[in-house]
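Asks: Reproduced below are the annotations present in Swiss-Prot:
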- 1-21: signal peptide (SIGNAL)
- N62: N-linked glycosylation site (CARBOHYD)
- N109: N-linked glycosylation site (CARBOHYD)
- 119-141: region 'Disordered' (REGION)
Amino acid sequence: MHFSSCVLVSALAIVTNVATASPPPLHQLSRPALKDSTIFRSTVHCADCPEGNCYKCTLGHNNTLIANTGGMAYLRALVGFQLPVPAKKVKQCTVQFPAFVKLMEAPINITVSEAKSNDWDEDTVTGENAPDSGEPFSTSHVPALTNPPALDATEACKNAAENGDFSIYVGAQFGRFEIWSKDSGNPAILHTYYK
């Protein structure tokens, strides 16, 4: 009887270990943004834009990206990436921006939405020809006097083109922020977690 009890206890211990074992960890690869631009849409006069029309501004080589909601202007950052693995392997993606140009005095919510196309170029993209976007699929709350956290971009990653290209829009739910761009030497970084 004692031998049977030991075998039963050993078998239960093995089953318990198997049942509580952690799944294998995900692999991670990180890549910088390939392109970025502020997309400026406003009905006011913009002296630095062709014909004074804000929709015609090309801002793809500025050192910063701006997002603004409210007032007479609507600005969002458009950022393009390429997945380092096939989209079907992706479990999670985050995008990390380096820092705000100036820390925010008040909290702000940052939104991420998928651009419907990755067919744009920093030299020519404007408010008139920028790709359409979907509704925001993630929102991150940023407390006052802190930098942006890693932003969830999983939905856009999983919908990437066959070659891995995809773009996201980063915006402000209410308010305005400015972050460093690829042209400043501080590109956004895509962190891809995959199996």
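A Cβ is built for glycine as well, from the same backbone N, Cα and C atoms used for every other residue.
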Asks: So if I exclude everything within five residues of the ends of the region 'Disordered' (119-141), which remaining residues of that chain have a CB under 8 angstroms from its CBs? That is, six or more out.
Replies: 35-37, 39-41, 54-58, 60-61, 76, 78, 80, 107-113, 148-149, 151-156, 167, 169, 171, 173
Asks: Rank the glycosylation sites N62, N109 by the number of other Cβ atoms within 10 Å of each Cβ, and give the residue at the low end.
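Replies: Ranked by other Cβ atoms within 10 Å, the glycosylation sites N62, N109 bottom out at N109.
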Asks: What counts of helix, strand and coil residues does DSSP assign across the region 'Disordered' (119-141)?
Replies: 0 helix, 5 strand, 18 coil
Asks: Please state whether DSSP places N62 (N-linked glycosylation site) in a helix, a strand or coil.
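Replies: SS state of N62 (N-linked glycosylation site) = coil.
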Asks: Taking the Cα atoms as reference points, how far is N109 (N-linked glycosylation site) from N62 (N-linked glycosylation site) in Å?
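Replies: Rounded to a whole number, the Cα-Cα distance is 23 Å.
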